[in-house]
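In what follows, a structure is listed as structure tokens, so that the remarks can point back to it.
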């Protein structure tokens, strides 16, 4: 009887087969670079614009080429093939490699005062959060006003308005101060994210704070980075703004305060929390304040430095002190007193990232103005509006509405400003809209669309990421409050600005 032959040894084992297949195939590491589809779309937009669309005779080849690169830059900011700073640097390099701009012209904006003012302001935000002064201020308001849900929402909203001149990042205020407090209050009330209990308290507080932050950011020039950028771009188009900090506040104060005061109560009616009374909130706030103890020396120093800095921002023009010099002085004091150390500044990635991509966008926008592109676009649109026989106020309303609702295409307020502010202001000026009126109205508008969607601003993403509000509610409440703010600023604001003689 024959015995069955034994199976072949090692070369048929599973391990051997696996190694055999590995030898036959090439294993590629995962791609870590730019996202291929957004990259291809962004580049294609610029190439098609440059070579497929005839160049107007009013513009030089260099101007048309820079406009094509700018469109590629903006497309990338929207589609996100790379992080914002990396994409901006890539496009800046492209302007130099193609000899569209010289190296000096490409990097000229990095000495811009506004950019360094924004960078210094990020460091102030760091000091507020590091010392716990921001938390202390917010908790004081909660302990005073937080006996019921509506009062609690007013306490949070008013505390943000109070500290906003010293923290020019709505995202930093949201993520570093207010969202942690809101989450703590919600959990105490047994309201949890991504759960049926979210609407008990957390969802209302999150939406109230998000919608109110638009008014807080519009109230003060130094309350948001995009405000400073708007003023710089307006000056680049010849708009004269005297006593910038005071002028901004004087013009914004009435509509911004009205909006700030009505937002929580309107939201309370249309998106009501299940819990109406919050007797534990003041107790929680006082308990947290007791744990903090008395105001510490570093908080006193932070408070005094910021009061001095804001006072100098207000009176700087009379004293001959530029805003950026005031910010440098304040930052130097914080470093000298040890409130911040240099490692704090180096680790503030948002500041350095902003320096990189703001510098690129401001540089391109400035060069587009210098090469006549903005004037050409403005005149073309103004002539079209004129053909419709629109009065300057009608043209102003059309342009403001277009500027506002086009933000559905943007995921950043500052990117929106860098891409469109100069062009829309130029169109307003060409349509004979009073210069200061147009410049400030567009600036305030920039803050009001920050709560339009869950991606329309950094703070919107932070609050949505908390998980308390469903996406359909974000979009619904976003458009409702957009229309409410348009009515408030259009009626109350226009009346106040008429009194001030802006138009």
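Each residue, glycine too, has its Cβ placed from N, Cα and C.
Predicted automatically and left uncurated, TrEMBL annotations should be read as such.
Per TrEMBL, compositional bias 'Low complexity' is recorded for 1-18.
Summarising the annotation, TrEMBL assigns region 'Disordered' to 1-30.
Residues or ranges marked as transmembrane segment in TrEMBL: 37-53 (among others).
What TrEMBL lists as transmembrane segment is 65-89 (among others).
Tertiary proximity for the transmembrane segment (101-124) is limited to same-chain residues at least six positions away from its ends with a CB under 8 Å from its CB atoms, namely 66, 92, 95, 166-169, 172, 222, 225, 228-229, 231-232, 306, 309, 322-324, 327-328, 330-331, 334, 340, 344-345, 348, 350-352, 354-355, 358-360, 362-363, 366-367. According to TrEMBL, the feature transmembrane segment maps to 101-124 (among others).
Same-chain neighbours of the transmembrane segment (245-268): 149-150, 153-154, 157-158, 161, 204, 207-208, 211-212, 214-216, 218-222, 227, 231, 313-314, 316, 323, 436, 440, 443-444, 477, 481, 484-485, 488-489, 492-493, 496-497, 500, 502, counting only residues six or more beyond its ends whose CB sits under 8 Å from a CB of the stretch. Residues annotated as transmembrane segment in TrEMBL: 245-268 (among others).
Sequence annotations record features per position, and here TrEMBL assigns transmembrane segment to 297-315 (among others).
Beyond the transmembrane segment (321-342), the same-chain residues lying 6 or more positions past its ends with a Cβ under 8 Å from any Cβ of the stretch are 113-114, 116-117, 120-121, 123-124, 126-127, 130-131, 222, 228, 244-245, 298, 301-302, 305-306, 308-309, 312-313. Residues or ranges marked as transmembrane segment in TrEMBL: 321-342 (among others).
Annotated transmembrane segment per TrEMBL: 354-378 (among others), in sequence order.
What TrEMBL lists as transmembrane segment is 390-411 (among others).
What TrEMBL lists as transmembrane segment is 418-444 (among others).
Using a Cβ-Cβ cut-off under 8 Å and counting only residues 6 or more beyond its ends in the same chain, the transmembrane segment (477-497) has close neighbours at 207, 211, 214-215, 251, 254-255, 258-259, 262-263, 266-267, 270-271, 404, 437, 441, 444-445, 448-449, 451-453, 456, 469, 503. The transmembrane segment feature in TrEMBL is assigned to 477-497 (among others).
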Segment proximity, the transmembrane segment (418-444) to the transmembrane segment (390-411), 3 or more C-beta pairs under 8 Å: yes
Recorded stretch that, among 65-89, 297-315, 418-444, has the most CB pairs under 8 Å to the transmembrane segment (354-378): 65-89
Non-local residues, at least 6 beyond the ends, that sit with Cβ under 8 Å of the transmembrane segment (297-315): 124, 127-128, 131-133, 136, 165-166, 221-222, 245-246, 321, 323, 326-327, 329-330, 333-334, 337-339
